[in-house]
Amino acid sequence: MVPSAGAGLAITDPSTDRLWEVLFCPFASRGTTVRSSEQGVLSRKRGREPRLEMGDPQGNLCTDAGVGDLVTEKCLVASKGPARRVQLACSGQYCAFPLDGNALCVWNTDDPSYQPLTLRGHHEPITAVAFGNAVSPLLVCSASRDYVIMWTLDECRQKALQGLTPRGVVMGTLLGKVLCLRLSPDDRAVAVCAGKKIFMLDTESQSTRAELEGHRGAVTAAEFCLWQTHLIISVSEDRSFKVWDHHMGSLIYNSSVLTASPLLSLLIDAESRQLVTGCANGQLWIFSLVEGHHYRCVTRVDLKKKSESFFRRVESRLCSLPEEGQRVCTDGLEKGEEVEASLPVLGLGPCDLSLVLPAECGCLPSENTTCLWIGSSAGLFIFNLANFELEAVLHYKDFRSSSIQVAGSCAVMSKVGGEKAVCLLTSLCGCKIALLEIYAAALVRSQRGHNAGRDLSVLPRAHVLSTSPLYFRPAEENRTQPAPQRQSAMRSTIKDQPLVFHSKVRSSGYASTPHITLFSPKTNTRSSGDRSLPRRDCHRGKEYPLESSPPTKVHKQRVIAHGPVAVSCVQYSGDGRWLACGLANHLSLVFRADLTGTPAVFSGHDGAVSTVCWSHDGRWLLSTSRDGTLRLWSLRGAELALCVGKDVFSKPARSAQFYYIDTFILLSSGPELQLLKYHVATCRDGIQRYKQKSRCKGVFRLPTTGMTEITSLSAVNDFYSYLVLTAGRNRTLEVFDLNAGCSAATIIEAHSRPVHQICQNKGSSFMTQQHQFYNLFATTATGDGIKLWDLRTLRCERCFEGHPNHGYPCGIAFSPCGRYVASGAEDRHVYMYDVGSSTFSHRLAGHTDTVTGVAFSPSAPQPGSCARPRVMEVGTHLLSPCSAALEAPWTLGHGLASGDTGCRRHRCDGLVMSSTTEPRPSTEALTWLIPR
């Protein structure tokens, strides 16, 4: 490189030995690409006049709503030496990189008319560059084997304009090969990662504050904690991270070995208080820095798998759109799966998409949704820290104008406002350095597609269609006869008629003897206190508190069965007074919510009970079993009211529930979704009750897309709703609109494994949520955590992966207030997640086996209540059952019962219940207490 008379840099191309001068003209437009004349932009060959050539736009044109270039190569420089494996720097306005080995070049990314500033002072090649955090004065630090130099950018520019040589301040000498530099939030200290040590240098006194030793490999990155400025976190080639107190010079935390590849990059997100580190094999590790979380791992992400899954989802959305809507930028989508064997994470940077994401997802607050840029050797990725999914993917090779196909170093930073970002790249196999400008918002919108939500909502927005299976026909309603009333045993069964004195007419009322019921056998009895189901009106409580804390300690524990019996499912009644659980020994039990008294026993199934469901009015209990039958029970007397056998279903019913406020029974049978209309005879005559007068018939059936077996279904029964959610064996979620009688939307690859439970945020009759929160639902799959979805956008809004769940189908449940999601786990704990955070807030101990089911009570605390006065006076409870042997049948105070392979919790400002499923000597249930 040689000096130039004009305002620019003279760049020599070593391949052709030709000299080019790159000019930064005041009249150059922002989208102008500065490259050699062979590429068709602004250049001047020696001995010729400069000319401005506007070639093709340097990016990939996208016709999405008139969006211009997604990527523009603002500038390209050919250095004399390779610049791979060096730390580059980008700030909001400037970018800095090593040039020709020992020179530091600073560019203004906002105004290309500014002349690049070249700073010289190193004798060895520069290996790391970093900007300060203060806006004025803006500091830039560079490091090589010989010196660590601090430059004040404004002073250097003033000296350069005056024709003087800019000078920097030498902070340290002969520290070794520096791989990373980082300035403290107040710019008073700089961390120099050289070899296996971290040198803490004072920027004012140019002295060494501390030397941090402990890594067994070269330290590759370090970051200061923004809310605890005395802490600094470092990662190393020894594949671990360490937390230091650089004021004291002491080690606070040392992680275990995370992966088989070296850790290369590091980022601390202040909003979510999470630590993100990337390694050479393309994996991201995310840890929680919240106080009390003890640096626990939140999740691990494979960048290659996420990229492949992302492109499959984008292609499926494009195929589902009409032709006029398929104007999404698709260049490179066909090549998207041709990814390298690994995607080393070279750099991480914050990404502000607050102007893009909130407009499309309004349930969760946008300030809790944080994204970051991931720079790899093959491309750039926008990663969402809330749902651990990719928002956009940009491969370098997918853009024909890109000069760098494989990157050796990368630095990326979003500009103010988040609409654009700048990316600084160096070539892996060459000597090129390129500056890219990326329209981040347009990139995300182009790959997301049009009208993703399709205006779906759990709350109905239109009247029932006359062709809908949910439509009630007046003729059918008129033919429905009311149930006969129970007559007194002392009255005649023949109606009284007027007396007629005639020789051929027998006088009514005298010739026949009234029938009197003398004995009515009972096959299932209860105690006198449990003989009848009280009316729901007499159990009205206070409204469920919206602001309440999660449970923290065990409140009650009870053994449900002595023997190898597992509890497969649990559910509370709508009024929160009763708890039903299905057992593997073919029985169903109904307890009082406070677990007192003798439970009612419902027997009749020939297989393990798989699901139990309460009716909206609390009078009926629905159960399905592995014997392929569906049974409807009356809570009064624990009697069978209706039995539907295998002759009605083509395949055994896997799950069933009441639907449309008890109007229908909704069930899944193989790949079909079936809707049954039922009638329950309520005759109470001692003999007539043994005659089967209850009946049901199928009114509608709908197959899933691809005829995939349904593994779980969910629908709202507390109010009229047209939508039904299903999960298939092929890992696809499908939304059915029963008003239209068709499939409304599908989500492919919702999880990496088949979903075993769908849980909707249904609230309860004791509290009211904002209407948009009813569109939230959660899904869980073995080994793939919990995902929170929004029906209106068909997007995963948050992901919860803090609980161990690798082999058993652990259940989940929403709290009535909608703030928490409870989950069972294989480490014998119940995990409580706040929907605004990706890591668990509490972990509840007390079980002795895998917790596989949880259930929240819908009722609110009610001091003096006749049902459970003492429970309501103390506050909220969580109940969970577990399969384990106990020495004593009763421990602690109050609770709910259940034992099954899935832990289910119940929260009733009151109760949360969980259960486990593995057969053990006995089954237990726990209730957790929430302090006020």
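Just so it is clear, glycine is given a Cβ too, placed from its N, Cα and C backbone atoms.
Because TrEMBL annotations are produced automatically, they should be read as predictions rather than curated entries.
Residues annotated as compositional bias 'Polar residues' in TrEMBL: 512-527. What TrEMBL lists as compositional bias 'Basic and acidic residues' is 528-545. Annotation source TrEMBL lists region 'Disordered' at 36-58, 512-555. The feature repeat 'WD' is assigned by TrEMBL to 212-254, 602-636.
A Cβ distance under 8 Å defines the sequence-distant neighbours of the repeat 'WD' (212-254), meaning residues of its chain 6+ beyond its ends; these are 177, 179-180, 182-186, 189, 191, 193-200, 260-268, 270, 273, 275, 277, 279, 287, 289, 295. Taken together, the residues of the repeat 'WD' (212-254) have an average pLDDT of 94. The repeat 'WD' (602-636): residue composition by secondary structure is 0 helix, 18 strand, 17 coil, according to DSSP. Each residue in the repeat 'WD' (212-254) gets a DSSP state, and the totals come to 0 helix, 24 strand, 19 coil.
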